[in-house]
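What TrEMBL annotates here:
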type	residues	note
BINDING	G87, Q88, T89, G90, A91, G92, K93, T94	ATP binding site
DOMAIN	4-232	domain 'Kinesin motor'
TRANSMEM	204-223	transmembrane segment
Amino acid sequence: GMSSITVCARFRPLSSKERRDHGDGICVRSLDNETFFFKDEKDEECTFSFDRVFYQGSNQHDVYEFIALPIVRDAVNGINGTIITYGQTGAGKTYSMEGPSIVERDEQKKGLLPRVVDGLFDAIKLFDEANNYTIKLSMVEIYMEKVRDLFDLSKDNIQIKEHKVQGIMVYGVTETGIVNRAVGETRILPILPNPAFCMPLSDSVLFIVLLVISLQILFLIFIQQRNEHDKQ
């Protein structure tokens, strides 16, 4: 069966500066959607295999469908998930996670984060109306081993601890309710929270966590499920 950890590689096109400085020399040759050949400085080819390789012609939709959509579906079923982007400066991490700009709302080019918000609401729609979901968003930065709340910059040394029941918890972090996908996309922007987008949050146990990491910024999306029939 499929491993619980999926590792993918994505290549971006050369920039105009890279073409100008280094030409169009090809160092990667594709074999299929999982394997490619890499030519090193000595012109020797090495083979690398991943769960999926996204070449420079790949689009944002394909990346979301393969990487994030299964995690979104698992999240609303109570299974934790994490997406981590890794690569050197300029590799395309921000483009993959956000797109050219979340503000532009380019439906074709929008990245994983806005698509995850859309996907969560789409997935929740498919469930029984008796299941009441609350979605909360937190955003923190880890820098120099300190965790800072990006919704409340006065909280600059938040503690991450393991709870016996709830697992890993980020204590004292600001949690903002997401009532619809438009609010979700707005809240993802790294700005101080607007009270107009906030909603009262209950103290019920959070048991589903979808965690998305880009650079040192962590977007924590908490999904809370409450079955209305259980109240009777």
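Backbone N, Cα and C define each Cβ position, glycine as well.
Where the annotation comes from TrEMBL, it is an automatic prediction and has not been curated.
Overlay of TrEMBL annotations on the structure.
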| residue | record | CB count, 10 Å |
| --- | --- | --- |
| G87 | ATP binding site | 13 |
| Q88 | ATP binding site | 7 |
| T89 | ATP binding site | 6 |
| G90 | ATP binding site | 10 |
| A91 | ATP binding site | 14 |
| G92 | ATP binding site | 16 |
| K93 | ATP binding site | 20 |
| T94 | ATP binding site | 16 |
Checklist entry - What is the pLDDT of the domain 'Kinesin motor' (4-232) when averaged and given as a whole number? => result 76
Item to check | Three-state secondary structure, which DSSP defines for G87 (ATP binding site) | outcome: coil
